[in-house]
Amino acid sequence: MTKPVASYELDEKRFLTLLGKLIGETENLQNRPPALIPIEDNAGRHVIEALTPYLKANGGVLELEQVHCDPVNYPKRGNIIIEYPGTSKGTSSPKTISFVGSHLDVVPADKTAWDRNPFQLIIEGDKLYGRGTTDCLGHVALLTDLFIQLATEKPALKHSIFAVFIVSEENDEIPGIGVDALDHSGKMNPCKNGPVYWVDSADSQPTIGTGGAQTWNLTAHGKNMHSAMPYRTVNSVELVNEALAEIQRRFYIDFKPHPKEAEYKFDCSSTMKPTLWKPIAGSYNTIPGESTICGDIRLTPFYDMKEMRAKVEGYIKDINANITELRNRGPYSKYDVPASEGVEPVKGSVSIEWLGEASAGVACKLDSDGYKALGKATSEILGSLTPVATCGTLPLVRDLQDSGFDIQITGFGKEETYHADNEYALLSDFKNAIKILSRTIDLLEKN
């Protein structure tokens with residue numbers, strides 16, 4: 001007799017076996033070009049091997065496609081699309097439930113900073129240590145186990161169930177090979193017929209909002225000069241600091257807390273702040289002619305990223321037009337030095353460089369059937385529903401929402417270990433996770 005979907009439980013041995021194989025590949029899954037370009041097929045082969053007995057080609061029910069979006073340049077970086085077909089497939093009103101976003105690449109791990117081997121699954125009680133346990137190979141193993149159970153039990157579902165494991169999530173320097181390319185090519189179009197759960201978050205509660213991110217370099221231009229003669233130049237270190245302070249002042253006026261942030265319970269409003277200095281080649285007794293502060297902007301999804309960039313560029317244009325109105329640092333600190341006998345004129349200026357494409361934040365639709373089912377399932381299994389919103393960024397998710405997908409977000413690793421040394425996840429969380437996901441499917445089937 002077929003077991004009800006809502007009764008599925010994690011096959012612990014099978015899950016840990018697959019996860020161990022995936023973590024064992026992570027040294028070659030690290031993503032930081034150009035030095036570290038992942039070979040996601042090294043992980044994908046273990047997923048395919050686990051699912052092979054259940055594929056239609058072998059007498060099973062699952063359909064699987066490995067998609068290399070740029071096979072010429074990246075022949076070993078394949079996305080994996082898995083489908084458990086529902087009874088509505090091929091009808092005029094197909095229904096789908098999709099689990100997307102669990103990725104096959106990982107962030108780099110420094111062995112010397114870890115207490116354990118990051119490239120090996122190490123089990124200590126409930127804790128599963130290794131790079132990718134939380135982000136995001138644990139989710140890959142979890143969903144693979146879910147599909148094996150579907151293929152074994154063969155429930156008659158109206159909805160087709162999809163999983164999409166993606167490449168190149170942890171770094172966007174090589175575009176056009178991951179979920180963005182799958183979307184643009186139409187490979188994900190069937191997933192528009194129902195909720196899409198982005199399974200790459202943490203702490204087992206729904207994430208209902210994320211922030212957008214834009215990195216920047218702010219550079220002040222002056223002129224190199226001996227530090228004994230500050231009156232003859234524009235000190236770029238002073239200028240870049242004062243300019244940034246003025247830009248931040250204006251930013252927080254224009255991008256103040258949005259009323260919807262309270263509804264979504266964002267833990268932080270939009271921010272603009274410095275995070276790095278570019279190294280300055282010089283000495284203690286040289287005033288540098290150029291200084292650069294680096295940082296990022298985090299924008300809640302209720303503001304537009306393009307409008308934000310235009311605003312900031314406007315601040316800088318105004319600052320340059322009125323450079324002498326910035327606060328100076330004493331009687332010999334000036335941002336416009338006029339010509340005089342023996343002194344060449346120097347006028348300071350600032351410029352901003354936007355690094356890469358901005359990732360926009362997303363506000364999930366709280367009135368959708370997809371969210372309601374996930375919320376109810378989470379509450380039933382964990383005993384409470386406490387959705388979160390964060391200014392952390394999930395690349396590409398907003399693009400999918402803008403393409404017409406009903407995006408919902410969840411995940412079952414540990415937030416505190418994301419991208420961290422000694423990353424771990426809890427086996428007990430994954431045991432609950434399969435119950436949450438299978439109950440979500442069950443609720444949508446009954447809707």
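Numbering starts at 1 and runs along the chain as it is shown here.
Each Cβ is built from the backbone N, Cα and C atoms, and glycine gets one as well.
Sequence annotations record features per position, and here Swiss-Prot assigns Zn(2+) 1 binding site to His103, Asp135. The active site annotation in Swiss-Prot covers Asp105, and the record cites similarity to another entry as its basis. Per Swiss-Prot, the feature Zn(2+) 2 binding site maps to Asp135, Glu170, His419. Annotated active site, proton acceptor per Swiss-Prot: Glu169, in sequence order, evidence recorded as similarity to another entry.
A map of Swiss-Prot features onto the structure.
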| residue | record | CB count, 10 Å |
| --- | --- | --- |
| His103 | Zn(2+) 1 binding site | 29 |
| Asp105 | active site | 28 |
| Asp135 | Zn(2+) 1 binding site | 28 |
| Glu169 | active site, proton acceptor | 25 |
| Glu170 | Zn(2+) 2 binding site | 22 |
| His419 | Zn(2+) 2 binding site | 13 |
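Proximity to His419 (Zn(2+) 2 binding site), defined by a C-alpha to C-alpha distance within 10 angstroms, is shown by the following recorded positions from His103, Asp105, Asp135, Glu169: Asp135. DSSP assigns Glu170 (Zn(2+) 2 binding site) to coil, not to a helix or a strand. The DSSP secondary structure for Asp135 (Zn(2+) 1 binding site) is coil.
Recorded residues His103 (Zn(2+) 1 binding site) and the residue listed as 'active site, proton acceptor' have their alpha carbons 6 Å apart, per Cα-Cα distance.
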